[in-house]
Amino acid sequence: MAWTLLLLVLLSHCTGSLSQPVLTQPSSHSASSGASVRLTCMLSSGFSVGDFWIRWYQQKPGNPPRYLLYYHSDSNKGQGSGVPSRFSGSNDASANAGILRISGLQPEDEADYYCGTWHSNSKT
């Protein structure tokens, strides 16, 4: 009986800690040089964007992904090394989405952009 209870406690803890949202991004986005663009990373229902750190990556053909930035709140955000300040993050709570804004678009910004999350209670 004690082993069964311990196993159930461990399983429920592990199941909860592994639960992650499904992330949805638009398939494509186009804009002109000099314009600003807003890319979204929507979390699935049952999850709140405010509980997660959103990370953004840029990938150009033939290259590995480049880490751009993370965003959790205005007081908890960070820019990757060498990433210009025209790349910025935010959250849109009404859309339950993380946002990557690129201002002053340049030709070299043409790339694939990916988001990822980690939970605010995570220690890793």
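The chain as shown is numbered from 1 upward.
Note that Cβ sites are derived from N, Cα and C of the backbone, with glycine treated the same way.
Note that this is a predicted model, so its numbers are computed, not measured.
Marked as signal peptide by Swiss-Prot: 1-19. The region 'Framework-1' annotation in Swiss-Prot covers 20-44 and rests on similarity to another entry. Annotated domain 'Ig-like' per Swiss-Prot: 21-124, in sequence order, evidence recorded as sequence analysis. For CYS41-CYS115, the entry in Swiss-Prot reads disulfide bond, with the evidence type sequence analysis. According to Swiss-Prot, the region 'Complementarity-determining-1' annotation covers 45-53. The feature region 'Framework-2' is assigned by Swiss-Prot to 54-70, with similarity to another entry given as support. As annotated by Swiss-Prot, region 'Complementarity-determining-2' applies to 71-77, with the evidence given as similarity to another entry. Annotation source Swiss-Prot lists region 'Framework-3' at 78-115. Residues annotated as region 'Complementarity-determining-3' in Swiss-Prot: 116-124.
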Q.
By the count of other Cβ atoms within 10 Å, pick out the sparsest of the disulfide-bonded residues CYS41, CYS115.
A. CYS115
Q. Helix, strand, coil residue numbers for the domain 'Ig-like' (21-124) per DSSP?
A. 6 helix, 49 strand, 49 coil
Q.
On average, what pLDDT score does this prediction assign to the region 'Framework-1' (20-44)?
A. 91
